[in-house]
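What Swiss-Prot annotates here:
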type	residues	note
BINDING	73, 113, 114, 115, 145, 146, 174, 285, 366	thiamine diphosphate binding site
BINDING	144, 174	Mg(2+) binding site
């Protein structure tokens, strides 16, 4: 009988010998490869934390002790050890979340997936324990790039100030972007001490620093300069101990016995302590180890034996953007690219291969990325910062006060905009158009197809006196949606076929095919509709108000929150223009959406063609009892421009 099937909770681990624990670790890796290959998910990070998670649950008593995972995609093993072994519907409707979930288990403290936050959570929980005189332990697991985020270092600065507050910080150093990216290293480390045992750490520590991405070699050289006249090296605990934090390590993150010993020492310490664990991302799975780019950080459905993806049909939005960026880079030397530790996921890997000196990976530091982009623009370049829509939320102040206030020509490309589905509440890009509506001067484009991604990206980078945003969906991009004409700066996708149309249907971004379907359904009900794509949804096109005035009702359809979104902006523009036409906005309701497929989520919130057509039909029926049709004709439609 496999050992894994006997684990129903953390305390079941207590009965296993070290030999059995090693066997369990291998069973877990086999399980993860088999399960995640069928559903997709974060495979590489979890293969790297198997022994570490086992040791954590043997040393600490969850849920009494709080074990928190930063970038919660590292929590699959934690789920398995806390009684959740049905991965058949991972990230699917009714199945396990891809991140910690309070609804799933009392062992999940926070539902986090945005990086670098766990130390702040842990600081607050530890303070609460101290005030309420509880003897519970708080353990924060951070790594897999999360220490490149400034928020983590803000928390460390506060944590280090309380020497008597118990808090265990486990640093999962998997060689993949573990790099505390901070400035002024020479000054910060000026008081580095040398230890009596530094000779034992010389070779190992130098290797640790030199293999640390981004800052490793410069850090070593800085230390060498800062300690000129003394020894040329310092043991790796220096950067943490100089902050006032006790340090244990480095520990082999795949040696359960060594891990348990180190964690037990940290548990007894009585103050904040760092346990530094060296792990291997993708451990035990050869295809992941051979993937130098990201060690199978996140995968779709794959063949478990080879790791090759199960083919998907058609191009995706991200690759269309990435290919156009290469073309722009070849045409314009001032085009540079920025990513926040997401080079491949946002499609900038091809640009980086062609222009390695014109791409900047700043780590998980969206705030810094936005301000650095402002500096690049002020210096005469045009930066394109590609980021998931949900992660731009973290840099709003910088977009507002550094980029927009200074009228910097920066282009933000928002990938995974709208409903993303399987990654759940934290990854839906459903707030960007609402948040960005308030930014003065900012221009926002929502392309409807691949051709428009290319065209509107080019339009965006031609703007040098204001921030521009291009946002698009996740996954495969559908067929081209041709325009039949243009009114102002808006593409007309369908003409009404009558001089007195009922509905002006405003389609935003990738929802163009849905809006054309809605128009077809309305037509069957005897309701005529004009379908337009504004292309640039901020600012509202000047032609919108006179066009709306020639219809009986305006309907907006957007893959964004209804609160403060495109519909709200158009309603305000109509009011400002004195146009008194009813407007009905359809979008995402103001609530967090659970994980499921995109189609299932859209159906759940009523954002489908049949649902919208039914409601619009009802609205027009009500108007028929109260108003007469206007007789004004629509202006002639100009031919579509290429």
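Glycine is treated like the rest: Cβ placed from N, Cα and C.
Long-range neighbours of residue 114 (thiamine diphosphate binding site) (same chain, six or more residues apart, CB within less than 8 Å of its CB): 71, 390, 391, 394, 426.
For residue 73 (thiamine diphosphate binding site), the same-chain residues lying six or more positions away in sequence with a CB closer than 8 A to its CB are 41, 42, 45, 46, 98, 99, 113, 144, 298. In this structure, residue 174 (thiamine diphosphate binding site) belongs to neither helix nor strand by DSSP; it is coil. When other Cβ atoms within 10 Å of the Cβ of residue 174 (thiamine diphosphate binding site) are tallied across all protein chains shown, the result is 26. Cβ neighbour count for residue 366 (thiamine diphosphate binding site): 29 (other Cβ atoms within 10 Å of its Cβ, all protein chains included). Between the candidate binding-site residues, 144, 145, the densest Cβ environment within 10 Å is the one around 144. Under DSSP, residue 145 (thiamine diphosphate binding site) is assigned to coil, being neither helix nor strand in the three-state scheme. The record assigns 73, 113, 114, 115, 145, 146, 174, 285, 366 to the thiamine diphosphate binding site, and the maximum Cα to Cα distance across that set is 31 Å.
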